[in-house]
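The next block holds one structure in the form of structure tokens; read it before the comments.
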Amino acid sequence: MVSHQFLPYLDYIKICLASPERIRVWAQRILPNGQIVGEVTKPETINYRTLKPEMDGLFCERIFGPIKNWECHCGKYKRIKDKGIICERCGVEVTESKVRRHRMGYIELSAPVVHIWYLKGMPSYISVFLDMAAKEIEQVVYFNTYIITHSTAENKQIKYKQLLTEDEWVLIEDQIYRNEIQGEIEIGIGASAILKMLKDLDLSLESDLLRTKLVNLKAVKKDKIMKRLRIIDNFMVTGASPSWMVLNVIPVISPDLRPMVQLDGGRFATSDLNDLYRRVINRNNRLKRLEEILAPEIIIRNEKRMLQEAVDALIDNGRRGRVVVGANNRALKSLSNIIEGKQGRFRQNLLGKRVDYSGRSVIVVGPDLKLNECGIPKEMAIELFQPFLIHQIIKEGLANNMKSAKKLMQKHTSVTIELLQKIIKWHPVLLNRAPTLHRLGIQAFDPVLVDGRAIRLHPLVCPAFNADFDGDQMAVHIPLSIEAQTEARLLMLAPNNFLSPATGQPIITPSQDMVLGCYYLTNNNLANQKGSGHYFSSFEDAIIAYKQKLISLHAFIWVKFYGTINNLDIGRFIKSTLCKNKLTTTDYYENLQVKKDIEGTITCQFIKTSVGRIFFNIAISGNLFFSTSNHNK
């Protein structure tokens with residue numbers, strides 16, 4: 001864990017391979033008597049009689065800390081005044097029990113094992129480093145074939161990294177014994193052979209050789225070499241060694257992250273990780289005993305393979321071979337299962353955790369809202385803006401303390417709503433819809449109080465959130481500080497996010513029923529409509545006539561227009577007439593009638609339109625010029 005005093009000096013956090021020495025440093029502590037603790041050597045968890053953790057076991061208090069605050073294992077020290085003392089009898093440090101959430105242990109393996117992520121992952125890093133097929137390496141790791149790890153033999157049939165069966169190796173041994181093969185040959189099997197080959201790699205030399213090969217190669221082979229070169233360069237930059245992909249030490253995570261809980265009736269419920277760690281420790285201890293008693297090689301190899309499989313199950317259960325199951329044939333959750341996926345530690349508990357001053361509800365359409373507004377239910381707003389509301393109630397003198405202010409607030413009186421209206425007037429809120437795949441997945445809006453329990457959303461911002469109104473839910477967050485509110489208003493307000501950051505194209509565009517409505521209003525309906533051909537002195541007169549049902553929505557009418565007409569398709573010229581007084585002329589076009597005086601000055605003009613198009617023009621006036629043509633998307 002990072003101490004808070006160092007946080008201001010951090011530039012970044014890097015995740016990389018850990019060396020065996022680093023893993024030991026995480027867990028090892030030196031007691032005043034010189035004893036080094038940290039290694040977990042026993043598979044036991046708790047003593048069934050005393051219900052206390054077993055020493056050197058998976059819940060050991062000496063390694064991970066006391067289970068009770070300020071109390072050691074043997075009970076000699078039980079007070080906070082003994083803080084920091086390490087008990088002479090049991091070796092447990094007198095401290096808070098919360099240290100069991102971050103103190104780690106480790107298991108020292110009797111034989112190296114390959115990390116399954118780097119063997120079975122995509123790409124397989126070990127196969128890329130050794131320039132071998134992943135299946136070939138798998139055969140070696142699980143003790144099915146031998147591999148030549150070093151060769152100076154002149155025989156061309158014997159090459160470095162060549163795979164050998166048991167019979168082939170016996171034949172080569174006979175040839176070496178009879179001096180038919182000159183030079184040294186070393187073979188290996190299991191993870192130890194892979195470890196030796198990775199240690200023998202010179203990364204800088206390999207990098208130089210690959211760069212030399214790239215000069216005169218075809219595209220297909222070049223891609224393969226580039227892939228290998230990129231991984232080698234990344235290891236060199238981070239200072240990681242390829243041999244760290246083979247584990248000699250396994251970290252044991254803190255016991256409070258894999259708890260054991262006592263149920264009613266005396267039974268215990270435990271994390272699956274404890275079972276997986278227990279399998280590793282049992283097999284590791286058994287391998288150690290077999291090596292001590294000089295057991296036959298075939299038995300030791302079988303135990304090493306079982307240890308490899310136990311570590312595989314601990315890291316990623318089911319990635320290779322049979323899934324390790326517990327009670328009721330349920331697959332045990334490994335470290336990978338805990339952190340991956342939607343229900344994993346990152347997405348469920350870190351990115352998706354619940355925070356204060358936030359709410360969640362179903363969204364419904366709010367067509368009467370402005371683009372920068374969203375509808376927040378009154379019940380939700382009172383709860384979310386509670387600190388601001390309590391402060392305002394006390395400031396207005398409606399209550400003397402927080403307790404009475406809370407009581408007044410919970411009554412939802414008209415006074416409370418008025419104060420809330422005043423508070424939210426300049427206080428933006430953040431709306432977020434999961435999954436937040438790009439930055440427009442969370443935007444700021446000015447809240448508007450609405451009845452009901454649903455959040456109202458402007459239909460034009462739906463494409464940015466990829467939202468629809470078939471039951472989608474959205475989260476509301478309240479920026480508390482002035483800095484957060486300012487940033488939300490300047491950078492995150494919906495009208496300020498008009499363009500998609502990915503393509504640069506407008507993302508606030510009308511769609512679906514909005515386009516259909518625009519088409520319906522501006523449609524050329526050729527059928528006989530009520531009131532067609534009537535003349536009106538203004539748009540308002542035409543709307544009044546429509547409301548009185550004197551004309552239909554799509555009837556073509558002539559409306560007097562005083563402004564400048566731009567971008568109007570006036571259609572073909574029909575005729576020009578001279579009035580009886582011979583002082584004015586009228587030019588008739590398909591969509592326009594223009595009256596001019598004797599000097600040619602326009603005195604009056606009528607445009608051909610419909611009430612639907614007038615409504616459409618009013619809706620978009622100030623942004624677009626009036627047009628009588630259909631407005632398709």
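Placement of Cβ uses the backbone N, Cα and C atoms for every residue, glycine included.
Counted within 10 Å of its Cβ, the other Cβ atoms near Cys72 (Zn(2+) binding site) come to 24, all protein chains included. Residues or ranges marked as Zn(2+) binding site in Swiss-Prot: Cys72, Cys74, Cys87, Cys90.
Packing around Asp472 (Mg(2+) binding site) is summarised by its Cβ count: 17 other Cβ atoms lie within 10 angstroms of its Cβ, all protein chains included. The feature Mg(2+) binding site is assigned by Swiss-Prot to Asp468, Asp470, Asp472, with sequence analysis given as support.
Counting every protein chain shown, the number of other Cβ atoms lying within 10 Å of the Cβ of Cys74 (Zn(2+) binding site) is 14. Among the binding-site residues Cys72, Cys74, Cys87, Cys90, the residue whose Cα lies closest in space to that of Asp468 (Mg(2+) binding site) is Cys72.
Summary of the Mg(2+) site environment: with the site residues Asp468, Asp470, Asp472 set aside, the chain residues having Cβ atoms within 8 Å of the Cβ mean position are Ile363, Ala467, Phe469, Gly471. Asp470 (Mg(2+) binding site) and Cys74 (Zn(2+) binding site) are 61 Å apart (CA-CA, integer value).
Cβ-based neighbour count (10 Å, all protein chains) for Cys90 (Zn(2+) binding site) stands at 16. Minimal Cβ crowding within 10 Å, among the binding-site residues Asp468, Asp470, is found at Asp470. In sequence order, Cys72, His73, Cys74, Lys76, Tyr77, Glu93, Val94 are the residues near Cys87 (Zn(2+) binding site), counting only same-chain partners six or more apart with C-beta under 8 A.
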